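Beneath this line is the structure, given in structure tokens, with notes to follow.
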Amino acid sequence: MGSTGGPPTGRERRGDPEADPEHGRGTHSGPERGHGHGHGHGTHSEPERGRGTHADPERGPGPDTRGQGTDAGPERRNGTDAAGVVVLVGCAVWSLVSAAGRDGRPEGVLLAVFAVTAGYACGRISGSLLPVGGFVVTASGALAVAVASHDGVVPGAAAGAVTPLGQTGAVAALLVLGTGAACCAASAARTASGRTASHLFALAVACSALALASVPAFAACVTVMLCSLAAALIRRRTAVLTALALTTGLVAGATWAVAEDALPSGLATSVEAPLTVHRVELWRDAVTLARQEPVRGVGPARFGRLSPTSVQSPASGNKPHSAPLQQAAEQGVVGVALLAAVFGWILYGLRRSPRPAPVTLSAAAALTAVAVLACVGNVLSFAPVTTGAALLAGLATARTTREGQDL
């Protein structure tokens, strides 16, 4: 892209004539144009040639814009935002429809929708003002909440929803989000010192998972870091985002297969061992309830009262410990479709994001890890997790004209 008044881009400073329209125009402009010569006199116009090949010493090198989204203008981005509004409104309305005529309680779903909306909006605003600092603040906040909730109740969790397993899952999700946000900061940082500091911060957050959560949580954080490092080499994000979506769908399908007892005996034994028998029984109760009411479900927040396993063990927190299975049991197939639509909308927004590909793919890796945790746990029952995930998505899709200039 040519420079028309702002600092030249990296490609212009390298003197690439194909990437510098001003360079080409400079060869036929200046005082020589008035002499009527058409045989290259303009090539001696040094001021015009220098416009695209010398960086402003006060501004420094321009931001790395490689791999930015194929932004098609405000109309296309407005369409993505409108789709998100439709999906979130649909989630709220369907929870009311599912609860109609029953003793269901849709308040939890409505609060979750509000948390996602508020977090995403705050992320979009913060990301436009602080392209790097917003990620750093998010990572710090996620780590702080994880530490504060390690020995207590996660703020914003539903009453009675916290169990040792659920608590560990929520802390793991927060640490994954913190690691992803720090990796995004490293990918967006303009200076070498900023990138190094952000990478070290991401490593510190990941290592804290060993003390605050579990070894699988640490593995999830490390996986996010590795994906972020690999994303620095990727310029086309569509294939990666598609693979992440398929991974989430595969895990969700595996949870359903375990609940249906459809896996081979040997594989089922190895899969169910780390899940515990109690959790598998909760999943099977969810499938049974989903069969009874396949369209509307049994109603929001009614699983705990209708599940025999949950009634016998109140410590389970009235949750089936799987977001897709909970949606299927309480809000039917429509609820599952809406949950998938929310995740698909976030990934599509990351695909259309004007931020560089390493930033959006780092965020996508962290959000996919949270989605996987949600398939085998009740992490979405905690407001800090849903808010943090939406905040990270908003930061990674924000439009900014000063990429990386705040760090």
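Here, residue 1 is simply the first one shown, and the rest follow in order.
Including glycine, each Cβ sits where the backbone N, Cα and C put it.
Feature annotation from TrEMBL assigns region 'Disordered' to 1-78 (among others).
Sequence annotations record features per position, and here TrEMBL assigns compositional bias 'Basic and acidic residues' to 10-35 (among others).
As annotated by TrEMBL, compositional bias 'Basic and acidic residues' applies to 43-61 (among others).
Residues or ranges marked as transmembrane segment by TrEMBL: 82-101 (among others). Remote same-chain residues near the transmembrane segment (82-101) are listed as 109-110, 112-113, 116-117, 120, 296-297, 299-300, 330-332, 334-335, 338-339, 341-342, 345, 348-349 (criterion: CB distance under 8 Å, separation of at least six residues from the stretch ends).
Per TrEMBL, transmembrane segment is recorded for 108-126 (among others).
Per TrEMBL, transmembrane segment is recorded for 170-189 (among others).
The transmembrane segment feature in TrEMBL is assigned to 201-227 (among others).
What TrEMBL lists as domain 'O-antigen ligase-related' is 202-339. Within the domain 'O-antigen ligase-related' (202-339), the DSSP-based counts of helix, strand and coil residues read 106 helix, 0 strand, 32 coil.
If you look up TrEMBL, you'll see 239-259 (among others) marked as transmembrane segment.
Here TrEMBL flags 300-324 (among others) as region 'Disordered'.
What TrEMBL lists as compositional bias 'Polar residues' is 307-316.
TrEMBL lists 332-350 (among others) with the feature transmembrane segment.
The transmembrane segment annotation in TrEMBL covers 362-383 (among others).
With a threshold of 8 Å between CB atoms, the same-chain residues lying at least 6 positions outside the transmembrane segment (332-350) that come near it are 80, 83-84, 87-88, 90-91, 94-95, 98, 116, 237, 241, 244-245, 248-249, 290, 293-297, 323-324, 360-361, 363-364, 367, 371, 393, 396-397. When each of 108-126, 170-189, 201-227 is checked for Cβ pairs under 8 Å to the transmembrane segment (362-383), 170-189 comes out on top.
Long-range contacts of the transmembrane segment (170-189) within the same chain: residues 131-132, 135-136, 138-143, 145-146, 149-150, 154, 157, 162, 195, 198-199, 201-202, 205-206, 208-209, 212-214, 216-217, 220-221, 224-225, 228, 231-232, 355-356, 358-359, 362-363, 365-367, 369-370, 373-374, 378-379, 381-382, 384-385, 388-389, 392, 395-396, 403-404, 407, each at least 6 residues beyond the stretch ends and with a Cβ under 8 Å from a Cβ of the stretch.
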